[in-house]
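What TrEMBL annotates here:
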- D288: active site, proton acceptor (ACT_SITE)
- R290: active site, nucleophile (ACT_SITE)
- R211, L212, H213, S214, E215, Q232, E254, G255, R256, T276, T311, K316: GTP binding site (BINDING)
- C216, C227, C229: Zn(2+) binding site (BINDING)
- 170-332: domain 'GTP cyclohydrolase II' (DOMAIN)
Amino acid sequence: MSGPQATARAIDAMRRGWPVAIAGASGVLTLLAIESADPVRLAAFDTEGSAGVLLSAGRAATLKLANQREAAVPDAPVLVARVAWLNFAAATALADPQFDLATPMKGPFRAIAVPVADAAAAALRLARIAGILPAFFVIEGGQDADNTHALSIADIDAHEDAGRLAIATRARLPIAHAEDAEIVAFRTPEAAGEHVALLIGAPDGRPPLVRLHSECLTGDVLGSLKCDCGPQLDAALAAMVADGWGILLYLRQEGRGIGLVNKLRAYALQDQGFDTVDANTRLGFAVDARDFGVAARMLALLKQDRIRLLTNNPAKVAALEAAGVEVVERVPHALPANAHNARYLATKRDRTGHQL
Ligand SMILES: Nc1nc2c(ncn2[C@@H]2O[C@H](COP(=O)(O)OP(=O)(O)OP(=O)(O)O)[C@@H](O)[C@H]2O)c(=O)[nH]1
Ligand SMILES: [Zn+2]
């Protein structure tokens, strides 16, 4: 088995607490995700008690481990050497930041060179795709003699490739804002999330007014006041109706690409006082893990290569332009703050370059 199928199986295995082997340029790493493991699984995985703990650069920096490495490469994964007291509970404390403030760290821990760096980085990527904490027990080498079951990095790339995205179906969808709206559903064979586009009004020769909306269950469905997603979604649809021709892309990139559970972990850290940027970093994720290439591909399938984009986020403009979509105009999309999201909006302005 190879390619996207192998990746799908590996993602499933990670969520179930089963080991996964990844082949890199210089060898194989066999990994057990800490979040879904337990002491019994760990003992079966690591019979010699030698497995190290693999963390992301951001998590290691939070734990003050990153600067121990010689010739530290920014953003490179960090391996914590196994010592006697690094048992399952201690590894969980390394993996999960929710107890950072409550539980003073044990240790000392020592960061050592990661043996197969590209496979380690790929493992962290897979954790994000699987929606689990990016932290693993890791053993160098494969568990079967010929490594035939090791996932390749090309397999993971194929899984994330939006090139196979295609229109699955389309239908009329009368919505409160526009009774003549049309919904278009997109699918890749590999990824579970099905993106949709909502077409509002009718093409009139002008570039459509487009909104890239990333899924936010809490804001879109539950009316969360912690973010601005719900009001932005509503205002985007209203703006398209007023304009006469627009396309809303609803992208299944919950939590800026880290998934619902990890976003809610970030919320728990925000309850402890960390902002949206630091919360992601403490968890071990990029501040923004989204790939807007998928939006460019959707626009291409809808035959739109020139758009007006509703956003305050210059990174969205840059990503679309890089993927061949001409953004002829950026239309600001700021909404009034409330008591719960004021700090979040200020952080976006001050730390992530949003033009608010
Ligand atoms: N990880 C994380 N994701 C969040 C947080 N708050 C909101 N989100 C997610 O952020 C995404 C919404 O971002 P967007 O509305 O596209 O906003 P943006 O990138 O700031 O850009 P514009 O709104 O276009 O200016 C959704 O996927 C939300 O689930 C948070 O504190 N942490
Ligand atoms: Zn939101």
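Including glycine, each Cβ sits where the backbone N, Cα and C put it.
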If you measure between the CA atoms of E215 (GTP binding site) and C229 (Zn(2+) binding site) and round to the nearest Å, you get 9
Quick one: which of these binding-site residues, R211, C216, R256, have their CA within 10 A of D288 (active site, proton acceptor)? R256
Looking at the binding-site residues H213, C227, C229, which have a C-beta within less than 6 Å of some atom in ligand 2? C227, C229
Around the Zn(2+) site formed by C216, C227, C229, which additional residues qualify by having Cβ within 8 Å of the site's Cβ center? S214, T218, G219, D220, S224, K226, D228, G230, Q232
For C229 (Zn(2+) binding site), the three-state DSSP class is helix
Ligand 1 is in the model; which of the recorded positions R211, D288, R290 have a C-beta less than 6 angstroms from one of its atoms? none
A correct count of other C-beta atoms within 10 Å of the C-beta of C216 (Zn(2+) binding site) gives 23
From R211, H213, E254, R290, T311, the recorded positions whose CA lies within 10 Å of that of C229 (Zn(2+) binding site): H213
For the C-alpha pair, I'd like the distance in angstrom between C227 (Zn(2+) binding site) and R256 (GTP binding site), rounded off. 12
For the recorded positions R211, H213, R256, R290, the one whose C-beta sees the most other C-beta atoms within 10 angstroms: R211
Average the pLDDT scores across the domain 'GTP cyclohydrolase II' (170-332) and report the rounded value. 97
